[in-house]
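Data first, discussion second: the structure below is written as structure tokens.
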Amino acid sequence: PKTNDTLIQCFLSQPPTITQQSPKDYIVDPRENIVIQCEAKGKPPPSFSWTRNGTHFDIDKDAQVTMKPNSGTLVVNIMNGVKAEAYEGVYQCTARNERGAAISNNIVIRPSRSPLWTKEKLEPNHVREGDSLVLNCRPPVGLPPPIIFWMDNGELPQSERVSQGLNGDLYFSNVQPEDTREDYICYARFNHTQTIQQKQPISVKVFSSRYSKPVTERPPVLLTPTGSTSNKVELRGNVLLLECIAAGLPTPVIRWIKEGGELPANRTFFENFKKTLKIIDVSEADSGNYKCIARNILGSTHHVISVTVKASPYWITAPRNLVLSPGEDGTLICRANGNPKPSISWLTNGVPIAIAPEDPSRRVDGDTIIFSAVQERSSAVYQCNASNEYGYLLANAFVNVLAEPPRILTPANKLYQVIAGSPALIDCAYFGSPKPEIEWFKGVKGSILRGNEYVFHDNGTLEIPVAQKDSTGTYTCVARNKLGKTQNEVQLEVKDPTMIIKQPEYKVIQRSAQVSFECVIKHDPTLIPTVIWLKDNNELPDDERFLVGKENLTIMNVTDKDDGTYTCIVNTTLDSVSASAVLTVVARPNPPLDLELTGQLERSIELSWVPGEENNSPITNFVIEYEDGLHEPGVWHYQTEVPGSQTTVQLKLSPYVNYSFRVIAVNEIGRSQPSEPSEQYLTKSANPDENPSNVQGIGSEPDNLVITWESNGPGLQYKVSWRQKDVDDEWTSVVVANVSKYIVSGTPTFVPYEIKVQALNDLGYAPEPSEVIGHSGEDLPMVAPGNVQVHVINSTLAKVHWDPVPLKSVRGHLQGYKVSTVKSLLFSFVKIDHSCKILTFRGNKTFGMLPGLEPFSSYKLNVRVVNGKGEGPASPDKMFKTPEGVPSSPSFLKITNPTLDSLTLEWGSPTHPNGVLTSYILKFQPSKLIFSLILKNLNYSTRYKFYFNAQTSVGSGSQITEEAVTIMDEGKMGMYKENPLSSKKTSNLVKNITTAFHYRNTMASRQVDIATQGWFIGLMCAVALLILILLIVCFIRRNKGGKYPVKEKEDAHADPEIQPMKEDDGTFGEYSDAEDHKPLKKGSRTPSDRTVKKEDSDDSLVDYGEGVNGQFNEDGSFIGQYSGKKEKEPAEGNESSEAPSPVNAMNSFV
């Protein structure tokens, strides 16, 4: 059964238990009081007594010995001149009460000793160089054994040749002249008494080969251990130390092996230059033969140490306390092992069980005591002693016979709080004898808890492996045995887990910037969270740059020290969550260091350097710059650059330059500061070995040639030579210095020249340079392209052809041909030119495509040749016309004057007729019935949708739409309520409307629009042209009006003004029953006098390129340029087709 020490001590009788005692082998400091510990507990509290050397120790009769109150601890006062040696002996403590007696171990008290060395006369050691030597220490026997070390004037250095053995002796494998000393001293340090004793100095004199025979090398010989084999016994759990020290010249090397096995891994160590093998925590498996092998160049020797591991007793099963109720059975088991195997003996209350009072309820069976039907008088303390020749173990275990009703030790109504999803452990600590049975209930009238969702522990604890919110409630623990029953209620609350819903994220930030880490949490409202920020698992630096907000951490003015891992920890009383993110602070790299010049040659040198810190951004490359301290001091020039993984570079040098180099590191953030300059290196004078690069000849004027080059070194002169190509001329040369350009004047226009530039200095010329071809300056082309022809492909596209100009007349590099196209309108004899469109065709082309033309228009064009200087003269203007196209949609459509069976339609002519308008097409269909419920008994109305577009001889243009409602009397509307419209009925209705159709065309023609333009009004202000303009206007209006026989009726219904409205997106399509009752779109219901804005779309030159930089490819694409603002034009709508429908009606007005 589960016991509770506090409860037993407070309420229940209990036999004594030893809780604290001194060690078995107790070495005391003879200068201090001796304290022998013995503490025990029990109910009632035990009394204490001691034995010394097996007999009762009467404390009251020794004035120097006292026992601490409520304790068994002895204090021996030796401050009054009493020697500690007088209290040497074996002590044992007994703690006793009415329930039994417990005893301590046998405590052996011995005072520590640090004796002096015995005086002896030490003779000097005379030894020949190369011989071995052993200096004996032989320290006095102390308690505990001393620590040995050797010194001369200071600490004596040890090596493979000179080392100290485990016995304290100093071994020389071979002596050298430097070993000669007068003061080899062995010291013994006694830590217990904190004293150091020293031996008399030992003198060593080494005779070198100058005074004796030459030093001869010798094979190894073991100094310790002697012979070929030896034995070693060690106890289990101790440290095994094996030693081999050899003499020889050269100094032998020691190696260890285990015969028939491997040295144990993780427990094997080599010390004293591998002369000592150390195995920790040895066990019986470490027994065996260990061989040490000493070897030098002349041979080897070995020694085998047979190791036997013995064991003092150790527990397999130590006896445990028993609490039994009357009539119960039980056992005490005492099992131990050792080498040799220990013997087991039992005591009861400190007395050998063989002579103890008999108890009929117990029976001893070797290492086990069996109890049957115990009674209260069977309570006692039993001792188990396991011993062999290497030691003993003593354990106390009591048998306490009690008759107790159940008691629950867990406080009543204790509150347990856990996080949902985690285990809930609800305690029910109990005691009783016999052992009570435990049952759990949930709720006031809950049933007993069973099933896999609960775990019932032997100590009474109820475990809910995964607590959920519905686990919250009251839990009742019931404990019962044959003497009674008790119960206890506890409370369980299950809380929502704390979560970090927005975690800090990895950040890469530059120095001096600002960075912020977020840590947004969600938690149970009844829990109070605390948020802690850590840097590298430590507190944040005490720095005002770190600003901790409610849900974030902000670091201002970031430095390199801020680099690290930042962790947000959220703690509540029940759980803790954390999230981390790494901050990487990046910066430009530090400058490279330690520049060094090596491998100096006349024309090359090797530069090496050490990279500076990368600052968390890898170095991508190094830039090497040089300074010429002879010609341009203080001016740094680019030399070369190498990858970031390279730290050396071979540099090419120019003659007669005093070089200094510096290196700049580059990463993704930027360039480092330059390194410190390298040492200077002056190259010898020599004639140049290279000529300048990038030699070019390009004229800037029609009569010159500009020769340029890139300088290839300081202090050089250049011989510039030229002659006209393909002409039998001599080279013309000039020598210049400190420049990289020369202008040749008086040249013919655009002729080729052979050019070469050669470097030279005072010592000579560079190798003969290669020739390049250049041209003198260009002039404007002289001839215009001829035979310009235009082929009109369709109403918006034409193709233009021309003959190329002679190349000589181009007088420059031919860049292409430029085609300028201008649209013209002709009113009587007044010619109006619209904006000019310019297309450039690259290369020596002889044709081009002209897209984006307007239908039914007149154009003129010309062609010019273009070179690098500019444009040549234009070809004669070529006139052409484009055919008609489909018109744009009418500019507006408006429905007015609705009557019972008629409507009036008004429209504006298309903004872009794109030809001569021949007719208009009207399509219409009834819209879906609309039911309105504004007032009681309202009538229905029928809504119609109209589709309207214009037509030329080419085809129909795009359409516009409008809707309107006819006005009907109450009787007819009632009929439609009772009989919904059918396709046939709708057709009749459309027909009726058609027979009474009214129309009006307010022509907003293209000609009238021109008459309202500003420039046209200016012309009207001219007195000389006033009559002519009036005639033109009257002529245009008369032509329009003549096409409409109902003009007077239109005038009767004309609107005073036309207001544009938002574009209707309706499109006429095939009418079907499924669309008979299509609801009107939001916003499509309009007043009868509203207008409908035209539907526009833009023409585009996307397929041909546009702008001055557009280029033709080989397939005829082009570069276009427009002089003037491009107008937005409507789509030509030639894709609109009429779908046949029984409800469509069409009127054409011609």
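Any Cβ shown, glycine's included, is placed from N, Cα and C.
As annotated by TrEMBL, domain 'Ig-like' applies to 16-104 (among others). Counting residues per DSSP class in helix, strand and coil order gives 7 helix, 46 strand, 36 coil for the domain 'Ig-like' (16-104).
Taken from TrEMBL, the feature domain 'Ig-like' covers 111-203 (among others).
According to TrEMBL, the feature domain 'Ig-like' maps to 219-310 (among others). In terms of DSSP helix, strand and coil, the domain 'Ig-like' (219-310) has 3 helix, 58 strand, 31 coil.
If you look up TrEMBL, you'll see 313-400 (among others) marked as domain 'Ig-like'. Helix, strand and coil counts under DSSP for the domain 'Ig-like' (313-400) come to 3 helix, 52 strand, 33 coil.
According to TrEMBL, the feature domain 'Ig-like' maps to 406-493 (among others). The domain 'Ig-like' (406-493) scores a mean pLDDT of 92 in the predicted structure.
Among the features that TrEMBL reports, domain 'Ig-like' is placed at 497-584 (among others).
Residues annotated as domain 'Fibronectin type-III' in TrEMBL: 591-686 (among others).
The region 'Disordered' annotation in TrEMBL covers 673-698 (among others). In terms of DSSP secondary structure, the region 'Disordered' (673-698) contains 0 helix, 8 strand, 18 coil.
Per TrEMBL, the feature domain 'Fibronectin type-III' maps to 691-779 (among others).
Marked as domain 'Fibronectin type-III' by TrEMBL: 784-885 (among others).
What TrEMBL records for 1015-1036 is transmembrane segment.
Feature annotation from TrEMBL assigns compositional bias 'Basic and acidic residues' to 1045-1065 (among others).
The region 'Disordered' feature in TrEMBL is assigned to 1045-1150 (among others).
Residues annotated as compositional bias 'Basic and acidic residues' in TrEMBL: 1087-1096 (among others).
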Lying 6 or more residues past either end of the region 'Disordered' (673-698) yet within Cβ distance under 8 Å of it, the residues of that chain are 590-593, 595-597, 600, 602-603, 605, 607, 609, 625, 627, 629-630, 636, 653-664, 705-713, 716, 718, 722, 740, 753, 755-767, 769-770, 772-775
I'd like the per-state residue tally for the domain 'Ig-like' (111-203) from DSSP, helix first, then strand, then coil.
3 helix, 38 strand, 52 coil
Count the CB pairs under 8 A between the domain 'Ig-like' (111-203) and each of 16-104, 219-310, 313-400, 784-885, then give me the winner.
219-310
